[in-house]
Structures are given as structure tokens and as C-alpha cells.
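Peer 1: Sending over a structure as C-alpha cells; questions will come in a sec.
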Amino acid sequence: MSHFVDLILPLPLEKRFTYSLSEDEASFVQPGMRLAVPFGKNRIYTGIVAEVHQNPPEVYEAKPIHQILDEKPLLTKEQLKFWNWIAVYYLCSEGEVMRAALPGAFLLESESIVKLSKEVEIEDVELNDDEYLVIEGLQRQSSMKIQEIEQLLDKKKVLPVINKLVDKNLVSLNQEIYEQYKPKELRYVRLNPAYEAESQMHQLLDELSRAPKQREIVLSYFGLTAKKKNALKVKDLLKETGASAGVLKSLLDKNIFEEFHRETDRVSFEGEITNHSIKFNEYQQRAFDQINSNFQDSKICLLHGVTSSGKTEIYIRLIEQALEEGKQALYLLPEIALTTQLIKRLQNYFGEKVLVYHSKYSLNERVEIYRHVLNNNEKGRIVIGARSCIFLPFQDLGLIVVDEEHESTFKQFDPAPRYHARDSAVVLGNIFNANIILGSATPSMESYFNADHNKYSKVELTRRFGNVLMPEVEVVDIKTAHRKKKMTGHFSERLIDEMKEILKEGEQIILFQNRRGFSPVLECNTCGHSPQCPNCDVSLTYHSHNNQLRCHYCGYHIAMQHQCMACGSNEISTKGFGTEQVETELKALFPDAKISRMDQDTTRGKHSYEKIITAFEAHDTDILVGTQMLTKGLDFRNVGLVGIMNADNLLNFPDFRAHERSFQLMLQVAGRSGRTKKRGKVLIQTYNPHHRIIQQVSTGDYEGMYKEQLEDRYQYHYPPYYRLIRLTLKCRDFSKTNDAAEWLARALENVFDRYVLGPEFPPVARIRNEYYKNILIKIPQKQSLGKTKNVIHRILNSFKAIGAFRSVRVIVNVDPQ
Ligand code: ADP
Ligand code: ZN
Ligand code: ZN
């Protein structure tokens, strides 16, 4: 009898590909294992076994496989099922899911580049001859291709050798240079133990009598460590004594003090578990009980709790519960880089059971986490991370937490699979029959709608923990303020007064501005020209720190212009404003305050984000100016005022979700204010003080916002009433883009009639010299999603068969955000 295997290959192929197996191979191979197989011309790929069977393919002759890479399946059957769901739902190939789902180190192929891992000691590892040769080769040249290794070892089948080396953590594959995630380190000093005894201590102080400044530091050290007898942060010591770093250095040089570093945030937790018992307040207890009783008959619960109501503590208890039942737990977050505070909280509670899965980690670290989860180890019982975590090989998942479930970054934008991690997590949870908790202070319309229609259960938490009041919101009408000349730059008199008050009281301020950069565009007052990017259809934006005009889409930049490039006039002004300009104005208004800025431009560097946050937490900064980034899960104790510089550019964004998003964003930023006893304050500057959304933010009226927006969505046929699929065509040729879009839209209209919108150019219709055009398909609730997708699929296949449109790419986005 002949044996065959269907493989998922990491390529955008529509179907699985069938290979033949020998009798021996067939008795060994199981679904979820990796096989190396030839594909196309002389290329080797890693494929995943989806099915072993006896049916030869109909249209081609099955080739034999190259070799088997695993001894045990690397994927569970639940994962295979899940991959298939993603591919079908998001209209992409299983191969594309595979690329997104597996750490690159698992995807050995003939094009793979092999490099030595930096972090390893080769002397300590046992190697066989082949492995030794490869390592030795890699010590001579920095990287090798698989073919070169084949020549080196003088054999054809080298992938198992590489595979072993990857497992031993000695080499890495396909690395773009991944930034090693290194936790931030703090400087500490401690007294040389030689001086610890009373007598030595006195002798030391005597010796230092002629160096009074050094003596003072030593005395302060004794004072500060009296109770704990341990080390001190350098920063604290210097602050206490007012001494200079030079004086401390003398003490270090004399070996009186010893210096060392401690990490503030650890990937793998080594500290003590500090927080053993949470005592809920009555509202948390009630919510917790309700959630549990809801889980009895419905597996998905929406937790709608205002900011700082203690949702995280509830998640922790739910996780604990899942662990007690011997199950695994997954904690999904919109953006991992922004959540060191939360990770610390979980690690304090669960210790090394928590693993963080981070796209910034090296491939090898990701492989390690993958294996922990696959083997259902104690380590990795709880995985916390951003969207790609849903692809880990869970064995027995008991709980999924989706924190800040409203965040649009849960949706992958590019490349395929363009999946929504929240929605996919719901499906993953169903596969395991796991409990799912979606939490937010400002739920997405979709989730709230689902709760409204009893698809999800819902639990509310309406009070902040510890009786902290919700902040008081004041709306400042800047139209009137401008007219009455009560504006200084972009600051109203009200905002300035309030800021002065807060600073006087020693509290901190957060200012939110939705744009980065200084002043988005330059405009000629004479002819109206603004400098454009030659590659994209956008104006260049002005960045004052390097005096450049930059394109935010492709990075093109030129020096700042002082004459109009079109008419030569000197009358150039800047239109709109961003975080950088707010910062500049602030420095003039509050010359004594310590100001820092957080946006994409200031957080590019390694750990720059953490530095900004740590400085703000330590109150080294008085005022923090920033974009959206500020809204994400930060818990600052001492913020007395949040200022929203301009609500209008949020509200006026051309998108059907703009109002919902503005509400969420403003309420989340507002939630950063007043997290302790004293009531916090929020000032919103706007040209439209009577806008419904502004009013709803002022009163924290989620329900009102929801009802009103829902009516609009109903009337204009948008989610949650209608589903959307967006097709984006792109091509370097303008008229081809147009023709192709027309053809596709007509073909779709033949079937879906008035539910096809466009083709239309998006707001930025050309990026990196490619033209873009969108077609939107609306799907009414009662129309079958499966059938609709089949039709789209068929039409796309006919489209691809048209020679003239060969250079046009079509991107399919299901549930675009
Ligand atoms: P949310 O996630 O709803 O924004 P958090 O869980 O972060 O709220 O709680 C807000 C603050 O209150 C945190 O500093 C947290 O440590 C504290 N807190 C919440 N619940 C408790 C509790 N039961 N006991 C002690 N402190 C709590
Ligand atoms: Zn001009
Ligand atoms: Zn550009």
C-alpha cells in the first residue's frame, strides 16, 4: 500500500501539498510533525503534517519527502484546527498562518541563513562531529547558507544537524538582527562587608575625618540602611546626601563601597513571590462571583469596569483558579512593550510560572517558550503577551484573559493573516472549552453588542478601588478662548492656571496630543503650496529636533525649507500641531518644570520607553507630553491633572469608528488622573464643547455613547450590524490599478449588488510609488458568511487569471479596523 502525507507549507498556496511516504516513514509520521520537503526548483522547505493517508493526489505525482525533522509532533491537533479556522475566516492560506504562528527558528529551509547565537558558551556543550564542523565553520565566517553547510559536511541531508544545533541554542536562523530584550538595570552600592563590624566601622569613620564629604555619604548610608542592612540605589544615596557622583566614586575606588547592578524587570523571574493574598473589596468580590457563575452557562464574559476599579486583581484570581484545576492560562495584551508594570504584578504573584512572549525576544528565546508550553511545564503555565501568543501550542488551556479588549492593535494589519487576536482568542477558547474574559473600561462596540444580545455575559464594576473618585472633567472652549485672546500658543488660560496649581502642589501632569512631530505640515501663505513626498501622496511633516521635513509613510526626508519650493516666497507657516510643538511651548511657559515627551520619535531607541516611564514614576519628570502611547495600562500614583490638547482632530478623523475611538481614547487618558485619594482633574480643550462625544466623556457615559453610535451604525450599515471585508488593490501603474479595481468591483456587484462600495482611493492613495484603491463589501447579518467568502474567493481566482492584471496585488482584509 502506498502512503501519502498532506503538508502545510509556509507559502501563500491555496491548498495543502501532498508527498509520498515509505512504509517506515508512514508508521512514524504524525500530524503536527515537521518534514523537510523539496518544492519548486531545488528548494527545500519545512512543512507541517496535516494528515497522513492513502490517496494519491489527482493532478500531480507526489514526490518523496526529504526527511523527518521531529520525533514528536511540534503542533497539537487543536492548533491545526485553529490554523485552519484562521485561514478560512480571514481568507488567507494556512501557509501564511504557519509563518505567523511558528517562531522562525522552526522553519528550516534551503534559503535559511545560519548564524552562531551570541549568548552561548560552546566549550560547555557536547557536539558530534558534524555539529562540531558546523560550529567551527561558523566561527570562521559569520553566517552560512544551508547549501554551504551541505558542501562543508559533504552530504545532502544537513537539516537535522542544524535542527539539533538550534535545539541546543547554539545557532540561530533567518535572523534579521533581533534586538535582545534586556531589562533595565539600576546601579546599587553596598558597604564593603569588611567594614560591617562595629569596630571597623568606627575606624573607617575616623580615617575619613579628613574627607568630610565622603564621611557624610558613609554616615547617610548607615542611616538609610539601618533597618534593612542591605544595598542602596546610587540615586537614592546621592539624593539624600546631596553629594556629587565624584565623591561617591572616591569611595568606590577606595573599596569602601562596592557597586553592582540589579534588573528592574526580568524576563524570567528570580525574585520572591511577594503578593500572596488579594483581599477583594465588596464590588470586586461580587464581580468575581458573578463571573464565575456566568461561566457555568456561557464561556465568554465581558468585564466592563471603570479605570482603576481593580480588574487586574480579578484576572489574577481567575488565573489562579485555572491553575488550581491544573490548566494553562493565556493573558493577552494589546502591546507588550508598554506593560512592564503589569508583568511585574503577575510575576510578583505567580513567580516563574509566568512567561512573557515577546516579538522583540530572539528567536531562540521564543523557541524556548514554545517548548515549555508544548510540554505543559510548570514554567509557562501562564503566558502573557501580545497577539501572536494565541499561536502557542497549549495543551490544556483553561482561561483566556483579553485585557483592554477594545484596542485596535489586536488586529494584525500586515502581512496576512490579518487576524483579530481577540476574536481569534474566542475561537481558540471554544476549541479548548476554556473560560474567556474580555476586559475593558471602554469596551468595543462589537463586544458590548454581543453582550447586549446574550452572546457574551456581562459584569460591571462601576467604582474605582479604594473609593477613589472618578476624575472631574472640565471642557474648555478654545474657540471662545481664541476670540477673547486667552490662548498662549495652544494653551488656554484655564489649562495654564490649572497646571500652575498642580505643580505648586507637587503633583504631576500628563498632556495628550494625538500627533507626533512638531507641526505636521508647512504651508506657503502666498501660493498655498506644501512640500510633498515624491513617493507618497502626503505632505511632509516638520520635525524641529533635526530640522527636517519627513514622510511618515516611507521615511523620505529633506532639510527644512525657508522659502516656498513652488513660488519662492518667504512667507511660510506651519499648520496643525504635534507633541513636539506642545513640548516647545511648554518649556517657554514652565521653564522650571521637568518635561518629557513620549511618542514614536522618542521611543525608538532601546528601552527608551521604559526610561521615560521609570523617570515619570520616580517623579523625575513633572510633565509628560505624549500620544496614544500614554493611554495604555499605565498606573501612575501622583498624576493630578490630565490635559487633552485638542479633542477635535480625533473626532474629525474620516472613519466610521472615529467617534467610538475618540470616546475610548479620551476616557482612557482621563483615567490616568487621580488614582489615589485626591480627586483628579481632566481638562479637554476643544472647538466643539457641545459635541455629544465630549459630553459623554465628561460624564463617563459609556451607555449613552454606545446607544447613540449604535443607531448610526444601524443606519449607515456598519458593524456590529454588518460585517465588512475590504479589498485593497495596489500596483505601480496608475491606470492599471484603476482598471483592475473597476473590473473587480463590477464582478462583485453582480453578486452583492448595492453592498459593494467603491472602488475608491484611500486618503493616502500612493505609498512608496504604489497606487492603492479600496473596495468595501458589506455583509448583512442574515447573509451566510461562508457562502459570501466562497463567492469572493471565486471572483478573486478569475481576477488572478487575467493576464493584464498580473502586476496588481489584492489584499483581503476581513473585519478591517
Ligand atoms: P484596573 O485594572 O481596573 O485599571 P487595577 O487592578 O490596576 O485596576 O487596580 C487599581 C489599583 O488598585 C492598583 O494599584 C491595584 O494594586 C489596587 N487594587 C485593586 N484591587 C485591590 C485589592 N483587592 N487590594 C489591594 N489593592 C488593590
Ligand atoms: Zn508659495
Ligand atoms: Zn513617502
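Positions of Cβ are set from backbone N, Cα and C atoms, glycine also.
Heads up, TrEMBL stuff is auto-annotated, nobody curated it.
Grabbed the feature section from TrEMBL, which reads as follows:
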type: DOMAIN; residues: 292-461; note: domain 'Helicase ATP-binding'
type: BINDING; residues: C524, C527, C564, C567; note: Zn(2+) 1 binding site
type: BINDING; residues: C533, C536, C551, C554; note: Zn(2+) 2 binding site
type: DOMAIN; residues: 559-713; note: domain 'Helicase C-terminal'
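Explain the structural surroundings of these features, please.
Peer 2: Within 10 Å of the C-beta atom of C527 (Zn(2+) 1 binding site) sit 13 other C-beta atoms, taking all shown protein chains into account.
Counting only residues at least six positions away in the same chain, the Cβ atoms of C533, N535, C536, I767, R768 sit under 8 Å from the Cβ of C554 (Zn(2+) 2 binding site).
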Peer 1: Three states by DSSP: which one describes C536 (Zn(2+) 2 binding site)?
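Peer 2: For C536 (Zn(2+) 2 binding site) - judged by DSSP and reduced to three states - the answer is coil.
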Peer 1: Counting other Cβ atoms within 10 Å of each Cβ, which of the binding-site residues C533, C551 scores lowest?
Peer 2: C551
Peer 1: Of C524, C527, C533, C564, C567, the binding-site residues listed, which put a C-beta under 6 Å from ligand 3? Please answer none if none do.
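Peer 2: Among C524, C527, C533, C564, C567, near ligand 3: C533.
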Peer 1: Identify which of the following binding-site residues, namely C524, C527, C536, place a Cβ less than 6 Å away from any atom of ligand 2, and list them by sequence position.
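Peer 2: The ones that qualify, in sequence order, are C524, C527.
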Peer 1: Can you give me the residues near the recorded Zn(2+) 2 site, meaning same chain, not C533, C536, C551, C554 themselves, Cβ no more than 8 Å from the center of the site's Cβ atoms?
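Peer 2: Leaving out the recorded residues gives P534, N535, V538, L540, H552, Y553, G555, Y556, I767, R768.
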Peer 1: If one measures from the C-alpha of C527 (Zn(2+) 1 binding site) to the C-alpha of C551 (Zn(2+) 2 binding site), what distance in angstrom results, rounded to a whole number?
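Peer 2: That separation, Cα to Cα, works out to 22 Å.
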Peer 1: If you take the centroid of the Cβ atoms of C524, C527, C564, C567, the listed Zn(2+) 1 site, which other residues of that chain have their Cβ within 8 Å of it?
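Peer 2: So the additional residues around the site are N525, T526, G528, H529, M565, A566, G568, S569, E571, I572.
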Peer 1: Out of C536, C564, C567, which of the binding-site residues is least crowded by other Cβ atoms within 10 Å?
Peer 2: C567
